[in-house]
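Q: The structure under discussion is supplied below as structure tokens; questions concerning it will follow.
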Amino acid sequence: MLASGGCWALAVSQGWADCNGKNLLYAPSSLPRNITGLDLSFNSLVMPRHGTLLMHFPSLHSLNLSGNALLTLSPAVFSNLGALRLLDVSSCSITSLHTDTFKGLESLHTLLLRNNSLQELEVPFFLPLRGLLHLDLRSNVLLSVDASTLQLMEAVPEVQLDGNPWVCDCAAHPLQQWLKRRQAMQVTCASPPELWGQDIAALDSQDLGCQKKQRFPRDVSPGQLTTATHNDTTTVPVGKGGRSWPYLVGFLVTAISISILVALVAKCKLCHKNFVSYHHRPLPETSSIGGNPMEEGLGWDRGSSGWGDSESHPMPNVTSLQAEDDDGFIEDNYIQPSEQLQEEEEEERQSHLSI
């Protein structure tokens, strides 16, 4: 049965419409709404900037858009095709994929993206594709792929990456490990020249130019990478926080300990200084030894000679000596020994007797 636009619509029981190579700009609106398969390959389809591509065919299970110059796929362009299981967008000159390009395709099993111009793969691109079983990325211009994207592709049983100009340097180490685990896939290097054509999985870290002690990020699960919401996708930090408080506690304990030690050292120095300043001999009191010997000697001389007080020679007394230092302590070089005092008293007696 020939539908409008030159498309062949097969029996409704088969549910398939073939519109291959008809130079169509849009999908024919006259096709049955309940078809499950639609081939629109090698046409000149115009992709809408906003909204969905095929809003009249919600029951599609298979859609072939290969050979159309789509260039870019707008966000949520397939969001109304919730039952879609196979999507072929090969050879469409696609250079990049928006984060929400495949939003709403939770039932998609096969995604064919071969022979395009994709240069990189971003993690959010895979998030809506929870049921994906086959991903074909052959013959693009992929140079490298990060560890997070590879971790998400672990859940896809069949992934095809050959035909890309992979750069085999140390950044390709996660890819080398991933390919090694897959075993059945053979992906070769395109550069540097000395590694051209070699199987990436067969190389080791030294072949890739990595240092021996260089560390690589650990694999993380998709649940740690992102948290999907109904309206947007929010990236969640991979690392664990809240581990800085032990360092803060250690710093505070160290600072307090050092402060206490400084205070103790300062106090010890002060106590030592006070101890040294009071380390003197106390001055002996005259009353404890029965009076001043010099005064007694002077009184005896006066009584024996009969001279009055007016004619006696002035003598230094102990009171005048004590007046010079009344603090109760006396230094060693200030007090003369008792033997020297006795000699002075003897000389005074001799001088009185001669007079």
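Glycine residues also receive a Cβ, built from the backbone N, Cα and C atoms like all the rest.
Note: TrEMBL annotation is automatic and uncurated.
Pulled from TrEMBL, these are the listed features:
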- 223-234: compositional bias 'Polar residues' (COMPBIAS)
- 164-211: domain 'LRRCT' (DOMAIN)
- 215-234: region 'Disordered' (REGION)
- 282-355: region 'Disordered' (REGION)
- 245-266: transmembrane segment (TRANSMEM)
Q: Over the domain 'LRRCT' (164-211), what is the model's mean pLDDT?
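A: Value for the domain 'LRRCT' (164-211), mean pLDDT as a whole number: 91.
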Q: According to DSSP, how is the domain 'LRRCT' (164-211) divided among helix, strand and coil residues?
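A: Counting residues by DSSP class gives 19 helix, 7 strand, 22 coil.
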